[in-house]
Amino acid sequence: MGKRSRQRQKNQSASRDDRDNAGWGAGYADIIKENKLFEHYYKEQGLIPEGEFHQFMEAMREPLPATIRITGYKSHAKEILHCLKEKYFKDIQELEIDGQKIEAPQPLSWYPDEQAWHTNMSRKLIRKSPLLEKFHQFLVSETESGNISRQEAVSMIPPLLLKIESHHKILDMCAAPGSKTAQLIEMLHSDMDVPFPEGFVIANDVDNKRCYLLVHQAKRLNSPCIMVVNHDASCIPMLQIDSDGKKDILFYDRVLCDVPCSGDGTMRKNIDVWKKWTTSNSLHLHGLQLRIAVRGVEQLAVGGRMVYSTCSLNPIEDEAVIAALLEKSEGALELEDASADLPGLKWMPGVTSWKLMTKEGKWFSDWSEVPSSRHTQIRPTMFPPKDPEKLASMHLERCMRILPHHQNTGGFFVAVLVKKAPMPWNKRYPKLRKSTSAQTGSSPAASSPADTPHLLPEASPEEMEEGGPGGKVDGEAKTTGAPSAQEAADKLDAVCGPPPSKKLRLFGYKEDPFVFLTADDPVFNTIQSFYDLSPDFPKLNVLTRTHEGKKRHLYMVSKELRNVLFNNSERMKVINTGVKVWSRNSDGEEFGCAFRLAQEGIYTLQPYIRSRIVRVSMEDTKVLLTQENPFLSKLEDDAHAQAKQMGMGSIVLKYIPNPNNPSEPQCPIQLCGWRGKTSIRAFVPRNERFHYLRMLGVEVFRDKQGLGQKRRDGAKEEKEEEAKDDVEEDAEAPLEKGELKHGDKNGSLEPKTDSGNKESST
C-alpha cells in the first residue's frame, strides 16, 4: 500500500507541475472544444439561421468576453461610470497584450443608461495580466462593496423583462448564486430617498450551501427588503400574510423562474460542458423544469408577470416547457410579446417544431414513435403540440433565443408569461382543498368560501407532486438529493394551515431565530434618546437573532417583509433577512448608548436620526478615510465646531454635494463614525473606503503586481462559510500606513476578520 501511495503521490505531483507550467491555458489543455453529437443535434433542429452554423460553432469556441454591470440604484452610479470612462477605459484601449490590441470597452446597446459594459478581454486575461492589475483591483474592490457586479451579459436580461416597480412582491425561485437577485433588489430601490420600498424579494434555492453564496451577494446591497429561503422550488410553500386584519395568501406580482438546465449555452465559460454534453441531460431535466414553472405560475398574482429562462439552447428545456405550461393553463397564461422591451438586443424567435434525440443518436418526432421501454425517460410534454390551431394560439415565436455569434455573448433562452386568470385547477377543486385543510388544521385562509378562489392555494397536494392536473410530467426527474421524508413534508406544504410539529424535525433548522422587538423593548430607551429617533421610526421592524442573553446586533426589515416573516416562521426555512443597523459596543454604555451605528444600514437608518450628525466637506471626508483617529482639529472649521458640541460615542458623518462645484463628487456620502475624547474616526469596511476615496479622486491600488493574489483566490473558496458564520468584519479599521497607494501590508484587499465574534445574520 505504501509503495502504491508513494507512486500515486509522485504522479499527482508530476501532473500538478505540468499544469503549473502550462501557462494561462493550464488545466484545459486536454479539453478539445469539439462534440460531434452536439453539432449533429443542433444542425438537425434548425435553430441556427441558414448559413450561420459555422459562425455559431466558432463563437462557441471563443472565450466569453468580460462584462460588468454598475449597480444602478445607488446615487454613486454616475460617479462610478465617470471613473470607469475617464480613468480605466482610457488606459485599457491603448494596451497591447500578446500581440492583441485591446479594444475600448463598449456599453451593452440594450441595457439602459450605459449601466452595463463589455470588452473583448476575457475574464482570465483581466485576472492574470500584470498590465491590467489596477483595473482588476478596481473590479474586485468595487464588486465587494456592491457597486459593480461582474455578470454575464445574457444573465442580465430576465430581470429587465420583469419590469420591476418599487411596490412589487417578487419571488426568485432558483436564485443562487444571486447576480439576477441583485438586479431585482436594485430595481426595488430605484429611488434612494425611500429607505423602505413597499415591495420585497424572496430569493430561494434548493441547495443549502449555495444559499449562503446568495446571502453574500445580497449583503453587498444592504437592503432591508430581501429574504433568502431554502426550499425545493418545485414545491415551495404557499405563504400567508395579514391583509386588512384577515389572513390572506401571498401571491407575487413578479416571479423569476431561472430553472436548473443542461447549460449548453455556457460552453464559452464552462469548458467541461464540451465533453459532458449529451441529449440525456435535457431529457432528465425537462420534468423538473416544468414542475418548477407550474409552481411559479400558481404563486403568481393575476395580472402578474413570470419570466422563464435557461442558459440552454435546447427546445426540450425551452419551448417544450413553455408549450406544456400554456396547455395546462387552459388560457390562464399568455406569452407576452417582449420584442420592443430591449431595443438593440438581437434574438431569434422561438420555434414551433423540434425533435428528440437519444444519446445513441436515435430521433423521435412524435410521442407515438417512442417505445414503451423509453416511457420513463421521454414524456409526451417534450414534443410540440399536434393540433396546428392550438400551436398557433400559443405564439411560441414570442419566446426569445439569444445566439452567441450575434452579439458575442453566451447562449440563452427567455420567455415572458402574463397571468390572465387563476389556474384552472384552482377553480376546479375547492372542496378537495377545504377537506384537505381540515385534516391538517385549517387556517382562516384555507377555509375561505369556495367563491373566493384567489384565497385558495392553486393546486391539490396530489397535483403538486404530479405537475398540475395533467398527471405526472416526468416519472424520474426528482430534485437531486431530496430525501423521501422531505417529499412527504412537501406534500403538506401545499396546504396553508399550520404544518404538523414533525415538519420542523424534517427540516432540521440550524439557523438562529428571527426575534422581532416590541415597541416598548427596553433596548429602545437609550437608543431613542441618544440618536433622537423621529416619532415615525418603525420600531416593530427591528429584529435580533437571539431569544436569550444580550442582543449583539439589531437588524431591520421592511414592514411588508415583517408581515411575511411573522406569519410563516414555521412554514419557511429562512436563511437570512434584514440589514444590520446597530451593533453592541460595551464602551458606548458609559457615553449613554450601548449600540453604535453599523455602516451596512446607515442609508436605511439615517433618515430617522435627528441628532449626532456631523456635516463634513470633501477634504474632511478624505482625512477621515485615510487617517487613523485624526484629531478633531484636523477637520475644517465647520465640521470641527459641530463635533466639539457632541458628546463621545457613535455619530453619522454626512457629506452633501455642492452643485455649484462640479469637480467634487455629486452624490451624497454617509459614513458611520466615532467621536472620541480628542479625535474622530470613520467605521467603514475597507473596500467601501476604497470606493469612497475613488469617488473623491484619490488613487487606491497595490504597488506590487500580483501580490496577494493567492490570498484572494483562497478567500473566494471560503466566502460561503464566511457568509454562513457571518464573521463580523474588522475591516472597519482605518487605512494602515502606506495603504493609500499600496493596499495593506500583505498586499491584499481582503478585509481582516474577528473570528471571536460570530452570529448568523445579514
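Every residue gets a Cβ built from N, Cα and C, even glycine.
Here is what TrEMBL records for this protein:
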type	residues	note
REGION	1-21	region 'Disordered'
DOMAIN	56-420	domain 'SAM-dependent MTase RsmB/NOP-type'
BINDING	C174, A175, A176, P177, G178, S179, K180, D205, D232, D258	S-adenosyl-L-methionine binding site
ACT_SITE	C311	active site, nucleophile
REGION	428-496	region 'Disordered'
REGION	706-762	region 'Disordered'
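Here the features listed in TrEMBL are placed on the structure.
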residue : record                               : Cβ within 10 Å
C174    : S-adenosyl-L-methionine binding site : 24
A176    : S-adenosyl-L-methionine binding site : 22
G178    : S-adenosyl-L-methionine binding site : 28
K180    : S-adenosyl-L-methionine binding site : 25
D232    : S-adenosyl-L-methionine binding site : 22
C311    : active site, nucleophile             : 24
Spacing of the two Cα atoms, D232 (S-adenosyl-L-methionine binding site) and C311 (active site, nucleophile), in whole angstrom, works out to 20
The residue listed as 'active site, nucleophile' sits from A176 (S-adenosyl-L-methionine binding site) (Cα to Cα, rounded, in Å) at a distance of 14
K180 (S-adenosyl-L-methionine binding site) to C311 (active site, nucleophile), Cα to Cα, whole Å, comes out at 13
Expressed in Å to no decimal places, the gap between the Cα atoms of C311 (active site, nucleophile) and C174 (S-adenosyl-L-methionine binding site) is 13
